[in-house]
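Q: Got these off TrEMBL a minute ago, pasting:
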ACT_SITE  Tyr24  active site, proton acceptor
ACT_SITE  His102  active site, proton donor
BINDING   Asn76, His82, Asp89, Leu103, Ser104, Arg113  substrate binding site
SITE      Arg19  site 'Transition state stabilizer'
Amino acid sequence: MTPHLLVLHGPNLNLLGTREPHIYGHQTLADIDQHLAKLASELGARCTSFQSNHEGALVDRIQAAAHEQVHSIIINAGAYTHTSVAIRDALAALGVPIIEVHLSNVYQRETFRHHSYLSAIAKGVIVGLGAYGYEAALRYALSQ
Ligand code: CA2
């Protein structure tokens, strides 16, 4: 069966490419999602993406993945990374491999960005590589 990778984007990531390019780069979220879908297809997989500014909507999407035979989840939970026990619990309950991605190097930024509720349940964490971090996560996930 074709492996299905689910990419989740948290709040404000819909603004990518429109503001703060010095931190988050020039690519839009659509650019990133299209690149991942194309790359996945070239590698014999399927990649779908979901963005929400709402914590509960992200939890609902993670719960729905239980009925979809998702191979792995790549998640940039945005600011919810640093606050959301609910997203962590939903990911832990799902039980598929998680790769956490951050565009910026959160360790070079404010201390409140240094703690992630997701990292302890993630297979791995990629920070500071910009949009390439998603590609690296996808390639890793499909190598497993
Ligand atoms: O570096 C990352 O990928 C972050 O997950 C981005 C989050 C931030 O809260 C995390 O600490 C680190 C913020 C996403 C906001 O994205 C924007 C994009 C363009 C313009 C404004 C915000």
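Note that Cβ sites are derived from N, Cα and C of the backbone, with glycine treated the same way.
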Q: For the binding-site residues Asp89, Leu103, Arg113, which residues place their CB under 6 A from an atom of ligand 1?
A: Leu103, Arg113
Q: Of Arg19, Asn76, His82, Asp89, which recorded positions come within 10 Å of the residue listed as 'active site, proton donor', going by C-alpha to C-alpha distance?
A: Asn76
Q: Going by a 10 angstroms cut-off between Cβ atoms, which of the recorded positions Arg19, Arg113 has the sparsest surroundings?
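A: Each of the recorded positions Arg19, Arg113 was scored by Cβ atoms within 10 Å; lowest is Arg19.
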Q: Nearest to Arg19 (site 'Transition state stabilizer') by Cα, among Asn76, His82, Asp89, Ser104, Arg113 (binding-site residues)?
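A: In terms of Cα distance, Arg19 (site 'Transition state stabilizer') lies closest to Ser104.
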Q: For Leu103 (substrate binding site), which residues in the same chain are close in space, meaning a Cβ under 8 Å from its Cβ, but six or more apart along the sequence?
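A: The answer is Leu16, Ile23, Tyr24, Gly25, Asn76, Gly128, Leu129, Gly130, Ala131, Gly133.
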Q: Do you know which of the binding-site residues Asn76, Ser104 has the most other C-beta atoms within 10 angstroms of its C-beta?
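A: Most Cβ neighbours within 10 Å: Asn76.
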Q: Mind computing the max CA-CA distance among Asn76, His82, Asp89, Leu103, Ser104, Arg113, which the record assigns to substrate binding, rounded to whole Å?
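A: Between the outermost Cα atoms of Asn76, His82, Asp89, Leu103, Ser104, Arg113, the distance is 24 Å.
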Q: With DSSP assignments reduced to helix, strand and coil, which class does Asn76 (substrate binding site) get?
A: strand
Q: When DSSP states are folded down to helix, strand and coil, where does Ser104 (substrate binding site) land?
A: coil
Q: Based on Cβ atoms within 10 Å, give me the single least packed residue among the recorded positions His82, His102.
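A: Relative to the other recorded positions in His82, His102, His82 has the fewest Cβ atoms within 10 Å.
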